[in-house]
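Visitor: Okay, these came from TrEMBL:
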DOMAIN    11-228  domain 'Glucosamine/galactosamine-6-phosphate isomerase'
ACT_SITE  67  active site, proton acceptor
ACT_SITE  136  active site, for ring-opening step
ACT_SITE  138  active site, proton acceptor
ACT_SITE  143  active site, for ring-opening step
Ligand code: F6R
């Protein structure tokens, strides 16, 4: 894994956006795997800036989002469809037909999960997969205990994830208990490169375990140690528990 410790959230957002922008400039039809949540919002804002100020072209870009809640429609204010549209897609020139986000409101979810896997394969896999990390070490909605053999499927959210996401719904009772998520296997096998973003002290234990701990399904992010091309970009609070690295360095390899 490569590890970059950013001075702060602003720098984390800048570094990640720049990596993606440079990739898109080289490969105009790049396939991006995208995450929701608070952490990548700054990166999306910077990418919108590259589009507006420097004409970064998203017209041929294909995207696959990691996850969506089950039981809410794309128009629900807290759906990941809505989040992606408002935070990113409506501000760039991406073609709607190139956007893929699981639908949590449709029957035959299992069939849909299979089609999602197939669509990723048909696109030639994911060039860059952006991930956040839960304070319990989840990636996507692959909660502790998830098997590295699992693909896109319906998952049960843990209590800690429900509590963490209650801030978006206003009330914990309103947070859906189920979601569709790309599996660890999907992430590990389809992604050519993974950029994981971690910001804030509440991620410090998960970040330390992911990088310096043993590979364990109890901390799903640690399974990323099995992938050959992972860059973790953490701000200083999120990196504060790392033992092996000299935090005064900006970029280190572990
Ligand atoms: C979101 C996702 C989740 C988040 C994680 C961190 O699509 O897959 O794994 O990345 O829960 O969320 P934030 O960034 O809100 O702390």
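Cβ atoms here come from the backbone N, Cα and C positions, even for glycine.
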Visitor: Around residue 67 (active site, proton acceptor), which residues of its chain at least 6 apart sit with Cβ under 8 Å of its Cβ?
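Guide: In sequence order, the residues whose Cβ lies under 8 Å from that of residue 67 (active site, proton acceptor) (at least 6 apart) are 36, 80, 102, 140, 141, 179, 180, 181, 182.
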Visitor: Please list the active-site residues from 67, 136, 143 whose Cβ falls under 6 Å of any atom in ligand 1.
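Guide: By the Cβ criterion, which requires under 6 Å to ligand 1, the hits are 67.
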Visitor: Who sits close to residue 136 (active site, for ring-opening step): which same-chain residues at least 6 apart have their Cβ under 8 Å from its Cβ?
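Guide: Set apart from residue 136 (active site, for ring-opening step) by at least 6 residues yet with Cβ under 8 Å, we have 143, 144, 158, 160, 161, 206, 219.
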Visitor: Counting only residues 6+ away in sequence within the same chain, which have a CB under 8 Å from the CB of residue 138 (active site, proton acceptor)?
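Guide: The list for residue 138 (active site, proton acceptor) reads 144, 146, 158, 161, 220, 221, given in order along the sequence.
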Visitor: Give the number of CB atoms, excluding that of residue 143 (active site, for ring-opening step) itself, located within 10 Å of its CB.
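Guide: Counting Cβ neighbours of residue 143 (active site, for ring-opening step) within 10 Å gives 22.
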